[in-house]
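J.: The structure follows.
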Amino acid sequence: MPIKILMPALSPTMKDGNLARWLKKEGDKVNPGEVIAEIETDKATMEVESVDEGILAKIIIPQNSQNVPVNSLIAVLSEEGESTADIDAFIAKNNSVSLSLKTDTTLKKANESITNVEVVKHDLSKIFASPLAKRLAKIRNIRLESVQGSGPHGRIVKQDILSYSPSTAYNRDTEEYRSVPNNNIRQIIAKRLLESKQTVPHFYLSIECNVDKLLDIREDINKSFSEDKLTKISVNDFIILAVAKALQEVPNANASWAEDAIRYYNNVDISVAVAIENGIVTPIIKDANKKNIIELSHEMKILIKKAKDNKLTPVEFQGGGFTISNLGMYGIKNFNAIINTPQSCIMGVGASTKRAIVKNDQIIIATIMDVTLSADHRVIDGAVSAEFLASFKRFIEHPVLMLI
């Protein structure tokens, strides 16, 4: 009897996914445990292994298919002696997804076309211009949507009409561009961050940290290792450990919002934002407060490599109670990050730069790092956030406290 290959559920919350690539073709022999396809989830690309032996008789869902429902039939394995007629009859009886996918895709494209038309009409109805500018435009037969306004908030004023000529009109439709389809990861990022910004009452607190002592200790530790970069401790490793220690001291910052209650977590699991080719992923350091700097650094390097290779497993990126996003390596001084819901906090880390500061009534040069905490005001108040940042600053400026 033919054997079903179903779209797997690679996480508890997964409802559908993209079938990114088939690694086997029709007619190939398949053994148990052999990787046959790659599935793109909301966070990573996962390998799918066959649990049975047979011949890949028919691929139902082609590669690069999007939004394939979990547990839908994606392919069929055949056993020895089964005919093409047997396979076709089996598919006809068991497959109801292929047609629905095509229908959904057609409807989606139609809806997108309608939406695009509506957006254009909506935009044209909201052209702001002064009454005099409108009269002049009508007299001169000038379309207001072709005029770039120079007034407040882009308002078209008299001078814009007087100085307008068709040669100055700017139309982006004539530009050359390349169109990159939004993959599943990018769509999920867009959806989650939009929901976070629209539904979570963000507030922001910033603090400056002197990292001179931290840099000295890091240099001393790294000198004891070989020249292999894989063994070196990074500044970000210290930041993760400092956050873990601060959350241990201020447990009320290690929380998330639920409709029925605020959840305070016993474990200190820290998500760390990692840039990948298709967007961003947040692998998790579990029980970060219980690990020393060497263990934490080693684990983080493994997670970063797996993230960039799209090899993270769901348990390695789902969950977490607090997120760190570090853009300091790009020279960014400070920034306000968007909360990674349902978490209640994300800390944006900026670059460390030499600055003049006052210490003991003397002006000295110190290496200062800016950090900005974005917090969910439903969960955490300003006092708790300030207490957390003060604790974090203490660990960063006195790094020996993290190592004992």
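A Cβ is built for glycine as well, from the same backbone N, Cα and C atoms used for every other residue.
Not my notes, these are from Swiss-Prot:
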type	residues	note
DOMAIN	2-78	domain 'Lipoyl-binding'
MOD_RES	LYS43	N6-lipoyllysine
DOMAIN	128-165	domain 'Peripheral subunit-binding (PSBD)'
ACT_SITE	HIS377	active site
J.: Which chain-mates of HIS377 (active site) that are at least 6 residues away have a CB under 8 A from its CB, listed by sequence?
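T.: Same-chain residues close to HIS377 (active site) (Cβ under 8 Å, separated by 6 or more) are PRO201, HIS202, PHE203.
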J.: Determine the mean pLDDT over the domain 'Peripheral subunit-binding (PSBD)' (128-165), rounding to the nearest whole number.
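T.: Here the predicted model's pLDDT, averaged over the domain 'Peripheral subunit-binding (PSBD)' (128-165), is 85.
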J.: By the DSSP assignment reduced to helix, strand and coil, which category contains the residue listed as 'active site'?
T.: coil
J.: Pull the DSSP breakdown for the domain 'Peripheral subunit-binding (PSBD)' (128-165) and write it out as helix, strand, coil residue counts.
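T.: The counts are 20 helix, 2 strand, 16 coil.
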J.: Per DSSP, how many helix, strand and coil residues does the domain 'Lipoyl-binding' (2-78) have?
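T.: Counts, helix then strand then coil: 0 helix, 41 strand, 36 coil.
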